[in-house]
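Asks: So Swiss-Prot has the following annotated:
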type	residues	note
DISULFID	Cys92-Cys107	disulfide bond
DISULFID	Cys99-Cys113	disulfide bond
DISULFID	Cys106-Cys124	disulfide bond
DISULFID	Cys110-Cys131	disulfide bond
DISULFID	Cys115-Cys122	disulfide bond
DOMAIN	92-131	domain 'Agouti'
CARBOHYD	Asn39	N-linked glycosylation site
REGION	58-92	region 'Disordered'
SIGNAL	1-22	signal peptide
Amino acid sequence: MDVTRLLLATLLVCLCFFTASSHLAPEEKSKDERSLRSNSSMNLLDFPSVSIVALNKKSKKISRKEAEKRSSKKKASMKKVAQPRPPRPAPCVANRDSCKPPALACCDPCAFCQCRFFRSACSCRVLNPTC
């Protein structure tokens, strides 16, 4: 009985080893060093050289100012026309008041009823201030 357990344990270890090795990525091996050298020299020549230039304080300030101008222009162009908010429902629940499902809707059109603890504690909350 001990021999069969030993045989089964060995078989299990071999299966684990082959399973793990079959999932590993295969390694790429070059056939000769000449192809490796030619590939590395070709790759270096393909890319342009990089030069590093130190910026002084004045150029940093100018670039920061230009960036602020560009961002303000983008914000001005991206602003949408203010859409009118939908009217409030007549009987409604104020923010941070209880709004369990049989209760009425929230007064703020940007608010919604958020429930916690398996819908035992519900309240109207505004999570998107830009609404």
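Each Cβ is built from the backbone N, Cα and C atoms, and glycine gets one as well.
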Asks: In Å, rounded, how far does the Cα of Cys113 (disulfide bond) sit from the Cα of Cys124 (disulfide bond)?
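Replies: Cys113 (disulfide bond) and Cys124 (disulfide bond) have their Cα atoms 4 Å apart.
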Asks: Between Cys106 (disulfide bond) and Cys115 (disulfide bond), what C-alpha distance do you get in Å?
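Replies: For Cys106 (disulfide bond) versus Cys115 (disulfide bond), the Cα atoms are 13 Å apart.
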Asks: Given the disulfide-bonded residues Cys99, Cys115, Cys122, which lie within 10 A of Cys107 (disulfide bond) by CA-CA distance?
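Replies: Within 10 Å Cα-Cα: none.
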Asks: Among the disulfide-bonded residues listed here, Cys99, Cys107, whose Cβ has the fewest other Cβ atoms inside 10 Å?
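Replies: Checked Cys99, Cys107; of these disulfide-bonded residues, fewest Cβ neighbours within 10 Å: Cys107.
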Asks: Helix, strand or coil for Cys99 (disulfide bond)? Use DSSP.
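Replies: Assignment for Cys99 (disulfide bond) reads coil.
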Asks: How many whole Å apart are the CA atoms of Cys124 (disulfide bond) and Cys99 (disulfide bond)?
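Replies: Between the Cα atoms of Cys124 (disulfide bond) and Cys99 (disulfide bond), the distance comes to 6 Å.
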Asks: Can you tell me which disulfide-bonded residues out of Cys92, Cys99, Cys110 are within 10 A of Cys122 (disulfide bond) by Cα, answering none if there aren't any?
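Replies: Of everything listed, what lies within 10 Å of Cys122 (disulfide bond) (Cα to Cα) is Cys99.
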Asks: In the domain 'Agouti' (92-131), how many residues does DSSP put in helix, strand and coil?
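Replies: Tallying H, G and I as helix, E and B as strand, the rest coil: 0 helix, 13 strand, 27 coil.
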